[in-house]
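Input: a single structure, listed below in structure tokens.
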């Protein structure tokens, strides 16, 4: 909006500028030119002359300027007493009077040009002297008006309502140069130095001048330069279209150039005219009274004209200031209008916000009422809860007192439990010693053949007993040849029949497992012929929980007992290794780089050596793979790996016969944080190779050598047992690797359990009887009291 008002003000001020420039640029001889000293070199110099008639004849124009200003039907929206309109009318009347004075002066100049005047030769001579330089000065090229018109047409100023035509039809200026008025060394008396006619045609200029500042006007100006040098300026204002800012700027530049050109020509002409007037001025005494009066009138009129021009300039300046004030007022009004609109919009928003807030206040009031109701209800509930909290706090205090009492009692019980644990261990060890540090269990394998069962004529367990086994062996009397049944009875610590389960067998073994947790060395080994069920008793089927043997069940029992002992402050570290003695050679079954399959040993030449520590009574094997375990599943994986690496072969007695002795050892290291007590126990689970006669097993070659090595080691074990039973001074432990490894287990520093496994089949009667006799010999041995392991 501000931009539109500024554009309108520029459009309105343009006609005023055109009027001012036209009046100021009027080439009148009445105006005093600038001093001749400040004139540039391109000013036009007229030849001096004193003969006005001669000048009129040369130029064919009147000496003075005839100026007619016609103001016709000035339409304005203002009243008739408009000061600008009255000022312009006064200027028009004064200029008309001045024109009449110009004509009278021309007549006076013509009277002076009579035959009696003797200054004509002098004028002609001076004109001849100055003709050449005058012509050369007028030859300077000036930009033609027609060219300006062409440029303006190229800028699309030929619009219907925005049209500025500048036509130059001066026939005397065909070369687009201003020539000297001197022709043939004479000055035409009928020529006008400058004859201008300024006409203000009927227009809407003054009406638009006082119209609304937002109206954008268009000015159409036509400058016509004819043969008489008449300049007609016509201005009209229209409300239908507007100047483009860029085109208007270009138009103003061209108008300024035209004004400068007009000022330059006017100044040059005035300067030359003054020079000519001075040269043509007759002697003072030669002027008549009428001429002096005319000259004085001329000077008066000139002063009046200058005064009128000054008044007009002041009026125009005042009008511009009023227009500027009006524009500022309109701008302020527009700002106030915008501010008003903004305030109204803000007021509407504020009213809407007030309505919303009132609605929220009403809603909040309802909610506050509801909250108050809930608060009152909550106060009642809170009061009840406070009472309940007081009651519960009292109950908690009572419970705390009771808990503290129970904790105290628990600490006392724990202390008593630790002392009872010591008593239990002592009593448990005493019971095991009373039972014997070496005990023998007998287990009869179920009969898988079609012959007599174990409860038949071969083996029988008397009713009401669990430690006797009767052997019914058919015999033939050598004296009379009669067949008879010979009965033999063997007594052991416990006898298990063919129907005994793995769980039942392990119940009595678990007592020895507890001894190993208490810090004692324990040893459990199986003995019997091939196929009597030794491996089944010691390992069983790991995939079927009910068929698991002593080793898996022992591991489960140990971890279960450790869990119970943890509550009493005990922590345990468990390590294990698994080895075999094959042909008097020790192999590590947990070492993946050493494998034995079918009796073919593939070793990486690692040497294993058995060492006994007499101070701690601990037996170790060098270079053995010791694996720490924390869960029974880890032990199962190790057992599977050991079974794959164990040496087995097919014989006549067993399709898969163990060809080596295996030793599985668990080291149990315990520590009690409360009592700082330390224990270290060893549990050896040994599966001996099957004892068999060479003639019956039918082995040859390598298997024959294996059988001989097995029988030798078992014979050495029998010799050791016999020496212990007979309490001999020298015990032959070093006769085999097996006896040397079991030195601390069967030599009086360990709790030992021997399982003798027998086959119920009649064909195995002789081998079973031999195993029973060997077990009875072991059972008759008396070992010294077992001692706890020393912790270093």
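Cβ coordinates are placed from backbone N, Cα and C, and glycine is handled just like the others.
These come from Swiss-Prot:
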BINDING   528, 529, 530, 531, 532, 533, 534, 535  ATP binding site
COILED    284-423  coiled coil
COMPBIAS  34-50  compositional bias 'Polar residues'
DOMAIN    437-781  domain 'Kinesin motor'
REGION    22-50  region 'Disordered'
REGION    162-183  region 'Disordered'
Quiz item: Far apart in sequence but close in space: which same-chain residues, 6 or more away, have a Cβ under 8 Å from residue 528 (ATP binding site)?
Solution: 534, 688, 690, 691, 755, 756, 757, 758, 759, 768, 771
Practice problem: Across the whole of the domain 'Kinesin motor' (437-781), what does the mean pLDDT come to? Round it, please. | Solution: 81
Quiz prompt | Mapped DSSP class for residue 532 (ATP binding site), helix or strand or coil | solution = coil
Quiz prompt | Cβ atoms near residue 532 (ATP binding site) (within 10 Å, other residues, all chains) | solution = 29
